[in-house]
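Taken from TrEMBL, the feature compositional bias 'Basic and acidic residues' covers 255-266. Among the features that TrEMBL reports, compositional bias 'Polar residues' is placed at 270-306. Annotated domain 'Ig-like' per TrEMBL: 2-120, 125-214, in sequence order. Under the heading region 'Disordered', TrEMBL lists 255-326. The transmembrane segment annotation in TrEMBL covers 222-245.
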Amino acid sequence: TRSLTITSSDRSFEKAQGESVTLPCTFVLSDEDGGPLDIEWVLIPADSQKKEEIIIMYAVDRIYNKYYGATTGRMQFTDPDPKSGDGSLDILNLKSADTGTYQCKVKKAPGVQSQKIQLTVLVKPARTKCSVEGSQEIGKDITLKCASKEGSPLLSYVWRRASSTQELPATSVMNRNTGELLLKNASQEYSGTYSCVSANRVGTDECSIELNVTPPINTAGIIAGAIIGTLLGLSVLAFLIFLCCKKHREKKYEKEVHHDIREDVPPPKSRSSTARSYIGSNRSSLGSMSPSNMEGYNKTPYSQVPSEDFERSSGQNPTFAPSKVAAPNLSRMGAVPVMIPAQSKDGSIV
């Protein structure tokens, strides 16, 4: 018995992001299929716990394409009138999120058929960068690296040399999966331009780098020169500091010589000042004595004035003997007798 049959056979598609794809779903009706025609496209999620999403459908001569918001405006039936036998689906401006399993269901009672199609949206390699690792010196091992910032796996990398033959050096080792090119025991002939091509199933991208292999640098000389230069710099700096400190000390010494006043050392006392103080004390002791009352008073000569030892502190003064000089009779003058110390012939005070 004849019934509705889906005739398209393609079951899997791989496309690049940004491209368009047509998922085929053609069918043939039988005479027994007399019910209304329904065509429905469903996105089956990879997670079995999630429900199927209806993305577009045709029912009762009408198209419904606003079920799935993520594809609104990007999905449409290839034939505006699917009842002619073509229920294929066009997806425009593909995105990586469009990757999944799509199912086409065609129903015209009593006939019912469905078909699943796998769609994989890949990202082309992009933003590929080349770099050099290691010292570019003769005899060293140099590693050239290549990597794409964007691109769906599996990415493969191929290095070429920009020369007439595009052949790599004999000692080179290339890893297509990691994008590394190892140049062992590099020589000056390895210098030149190298290019790397990154590729996957939907596209390619390329970068290039210039390699310049040079003789080894005299690192010992550079280090010695740096050390000598540092020592000279430190010596100059120390000399300048010494000069500054010396100048500062000289200025400080001049200031002390011209402006410093020493207050801790008292001025020396002369014998004349001692004599004047002694005479003054005697005069104050005599009070208001008149010359007429001074008869018979023997004045102590200036040669017998006590020396500076007389002004020593009480703890250091020697024991003085009472004076033997007879004082004049001052009772009739109303004056108080005063004992005047005298100096003996041997120099001691009595």
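Note that Cβ sites are derived from N, Cα and C of the backbone, with glycine treated the same way.
Automatic, uncurated: that is what TrEMBL annotation is.
Counting residues 6+ beyond its ends, the transmembrane segment (222-245) has no Cβ neighbours under 8 Å in the same chain. Restricting the average to the domain 'Ig-like' (125-214) gives a pLDDT of 93. Look at the domain 'Ig-like' (2-120): DSSP puts its residues at 9 helix, 57 strand, 53 coil. Note: the domain 'Ig-like' (125-214) comprises 3 helix, 51 strand, 36 coil (DSSP; helix = H, G, I, strand = E, B).
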